[in-house]
């Protein structure tokens with residue numbers, strides 16, 4: 001073995017019997033691997049139904065700190081209270097006679113409540129948007145971190161197109177469907 005140099009390895013390879021190409025065996029092997037890929041694809045798509053609590057909890061945790069989410073909850077509840085107040089006031093306003101309805105005080109209160117509700121709704125939407133963008137970014141970074149650290153064998157056995165499609169599908173879900181789940 002010590003006498004073998006770089007040429008010794010070639011000599012061993014030359015003395016090894018070559019595996020004959022068998023078209024039927026190659027076709028059967030291709031069919032089996034295609035079936036295995038289809039089964040793997042079906043297994044990935046098999047989960048159906050709503051968003052699991054665990055996934056929603058991860059999304060909410062990624063949206064921000066407990067203080068931010070508590071403040072956001074208070075802002076959302078206050079917005080609902082403002083809408084209820086506005087509905088109540090317009091009900092009372094509609095019950096008034098025409099002279100009271102046209103008084104500067106009644107009109108001022110109606111305009112003030114409307115502008116307050118509009119401003120509060122815009123503020124609430126911006127805060128929710130910031131939380132959801134932050135959650136999506138954190139989830140993307142975590143997913144990317146996990147994919148990059150996978151063993152090389154994973155990329156040898158899974159085509160890069162499948163990995164990219166699955167990654168983009170999951171990110172699309174987080175960006176598009178999760179916000180709709182909460183509103």
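Glycine is treated like the rest: Cβ placed from N, Cα and C.
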Among ranges 66-89, 138-161, whichever one TrEMBL labels transmembrane segment: 66-89
Tally of DSSP helical, extended and coil residues in the domain 'ABC transmembrane type-1' (71-183): 103 helix, 0 strand, 10 coil
Distal contacts, the transmembrane segment (66-89) - CB-CB under 8 A, six or more residues away: 60, 109-110, 113-114, 116-117, 120-121, 123-124, 127-128, 131
